[in-house]
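What TrEMBL annotates here:
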TRANSMEM  A:36-57  transmembrane segment
DOMAIN    A:99-290  domain 'ABC transmembrane type-1'
TRANSMEM  A:101-126  transmembrane segment
TRANSMEM  A:138-158  transmembrane segment
TRANSMEM  A:164-181  transmembrane segment
TRANSMEM  A:212-233  transmembrane segment
TRANSMEM  A:268-293  transmembrane segment
Amino acid sequence: MTAGETKPAESARSIAWARRRQAAGRVWREFATDRGGLIGLIVLAIIVLLAVLAPVLTNEADLNVTTTELPPRDPPSADAWLGTDRNGVSVLLLIWWGARVSLLIGFSAALLSVFIGTAVGILAAHFGGWPSTILMRLTDFFLVLPTLVLAIALAAVLPRGLGTIVLAIGVASWPTTARLVRAQTLTIEARPYIERSRALGAGHAHLIGKHVLPAVLPLVFANTTLVVANSIIAESTLSFLGVGDPSRPSWGGILQAAFSSGAATQGAWWYLLPPGIGIVIVVLCFTLCGRALETVLNPRLRGQG
Amino acid sequence: MTEVAERQDEPTEASSSPVLLELRDLSVRYLAAREELPAVRGVNLRLGAGETLGLAGESGCGKSTLAMSVLRLLPRTATISGEVLLDGEDVNTMRWGRLRTVRWASASVVFQGAMHALNPVRKIYDQIAEPIQLHHGSQVDQTELRRRVLELIDQVELPASKAEAYPHELSGGQKQRVMIAMALACEPRLVIADEPTTALDVIVQAQVLALMSRLVAERGIGLIMISHDLSVLAATCANIAVMYRGEMVEFGPSARLLEQPEHEHSQALAAAFPTIGDPAARFKPATSTPLPEPEPDRCVGEPVLRTENLRVDFRDRGGATVRAVRDVDLAVAENEIVALVGQSGSGKTTLARTLLGLQQPDSGRVYFRDTEIPSSARGLRGYRRQVQLILQDPASALNPRHSAYEAVAEGLRIHGLTDDEPGRVARALEAAELRPAERFMSALPHELSGGQKQRVVIAGALALDPTVVVADEPVASLDASVRGEILALLLRLRIELGLSALVITHDLGLAWNIADRVAVMYQGELVEVGTVEEVLLNPQHEYTRSLLAAVPGGTYRSGPNGECAH
């Protein structure tokens, strides 16, 4: 209606943006009807906010084992709500700062993994032929490698640090995403509008950028939230096995410290339980969000529980 | 069987045949998103035993809903009012158990789309035997059942060996025969056939229609057949009822309705499928906007698109070579529409894809204005500005996420024609008769009707000012009334812009409507090429003759042979 009045060049772009806003609004409204997903998102938002604001709300110096004044292995008290660890540092503070590391590694590793997976999946499906064969055999190779062993090996060989952990988890976990994206790309590529676009003279970049990627992205997005959850678990596992970054507390690292100092046999539950519960809550929230998002984007899943 | 013999006598005993089905003021509404959508409004209908009735109308007119209400096969969201009397008993008030008995034993359905209505993992024999076992339970012994099923298979003219086949081993026409055998399994007195031949080829369609006519006549079964094609209905049914927006707008004997339809909508339906040879339909597809007069001394120019000994082979799963296109020489000249006709699987689409450079030929060449089409990606891009593709199903030929504007502008962006993009898009949309263009720019495909979608696809092709368009079954998935409009558009583009077209179709009436020349393709070869009048009125090749003989409406006989447009 207003297309004739506004400047045409703008209207073309504004039409596209208005449509995207509308689509996003529709996704959000449907997402909001899923109670589990909504709760997951809210809890997650709170946790992320707290983790980001940790330097503002707490004093990092309190993590220093040399300056702490609290007694070691002290049960929960007014000074330390979740008790203290073997060095007399507040467990609450450790968990708080550990969340930063766990979430950071979780997100970065998931992004890396999804990026590799999406690229490999789309390229394999789009080009077909021998590039596809090579890429998919590579995917199969990584798929059958035991993820954890590969990550441990990588983390052991490379210099210790957050980057190494991210790389180890990312490289080990992309094959499932690649298979998923490849399958989705194949169904998109079979649609006649791809043929029409090709007949119009479209090259590979146009086909992938304009048709395939926008159609695959929602799925990738839902998949990412699930991969984040897996990455957090993988990070905790690696830290627990002692190949994490020792200079910073992460949830897996705290668990490992508690375990090696005999917290389980001494009944120091306040030292063992909080990091474990933290992992469970965050992973559960990500899974709830991912499931809800998947249901919104793929209506066929609805009504199957 | 004595039972059958008795039934055959019934209509003859009573001079006015007993009423088999009666609809009294039947209305069906669907509840969708807190809104009631009326699908059928106040329909009254009587069908005697052994009578045949055709239900015609466009998609969404309520004809399928009406037919399914006879067996109460409607979804839960439907509210039914009025009476459906089957043998004098109201279906709507039947108890569940009684309804189950009536279904299939009194009335049965031949469902639309035989390829999806059969269970892919069960043998044909078991699927035909299923309704008999359900209705007679343990009373039938295995030898009797076997005899009965084989008899049914024989009646639908299938070889007995097919009893042990699975659905994927049968062709489309054979599957439809199995569906008919299933419908007849419990010896119903009424058969409802919902678009039984829509997905079938012309020749197979003629065979299935002949089979249904024969069975109905032999057994004295009442038949309700649903179709959007009046000539298909006229070939099998004595009477035709035309539905429009849920109401029955016209009812009458088939011949009368086909020749002198009274209601405006019946006229549109009757005109949509022309009689081949009828001079009134030559270069005049049914359209509401008048066409420009075809110029009397039109000269067809030089060939713009030409193939030379073109051959394309495929390998099937067994490794055997399938020759899809064999040594084809075909030319499309400037200012000319060529129709490429043939059955499905004859290699038409492969030929079109090869012309567009989407498929590499195994040997032979494609020329565009005396230069061979390039095979490099860069060279092909330039070529594709000149030759455009229009696909069969506009619903899937448009990206559901892209607005009409983006769909039309896509080609412009690919070819870097970015100056005055909105102006070019608007002109293309208007050339495809989407006026005013602004109204359609922001529309997403699902907000447009089938015809409008096809116009957007055509506009996308026109935006690049092509020399030739290749249209692959451009109207096959559109409604009858839209069909004429899209054909008129193609013809108008040829007359006004001199746009050449290669139209691929299985519909000979389309060729008669708009084409200058016809090329008939059979098993990958061009068996006959010539002007429309030569090929359709005086066919030389046997295959062309069988194609023409299978057209349900038949060909125009009283017209003078060889009447030309010039």
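Every residue, even glycine, has its Cβ placed from backbone N, Cα and C.
Heads up, TrEMBL stuff is auto-annotated, nobody curated it.
Beyond the transmembrane segment (A:268-293), the same-chain residues lying 6 or more positions past its ends with a Cβ under 8 Å from any Cβ of the stretch are 31, 34, 36-41, 43-44, 47, 73, 75-76, 82-83, 85-86, 91-92, 94-95, 98-99, 102-103, 106, 221-226, 228-229, 232-233, 236, 251-252, 254-255, 258-259, 261. Distant neighbours of the transmembrane segment (A:101-126): 47-48, 51, 132, 135-136, 138-139, 162, 165-167, 169-171, 173-186, 189, 204, 207-208, 212-213, 216, 220, 223-224, 227-232, 234-236, 245, 248-253, 278-279, 282; these residues of the same chain sit at least 6 beyond its ends, with a Cβ under 8 Å from one of its Cβ atoms. Proximity of distant same-chain residues to the transmembrane segment (A:36-57), defined by a Cβ-Cβ separation under 8 Å and at least 6 residues beyond the stretch ends, is recorded for 96-97, 99-100, 103, 281-282, 284-289, 291-293, 295. Same-chain neighbours of the transmembrane segment (A:138-158): 120, 124, 164-165, 167-169, 171-176, 178-179, 234, 237-238, 241, 243-244, counting only residues six or more beyond its ends whose CB sits under 8 Å from a CB of the stretch.
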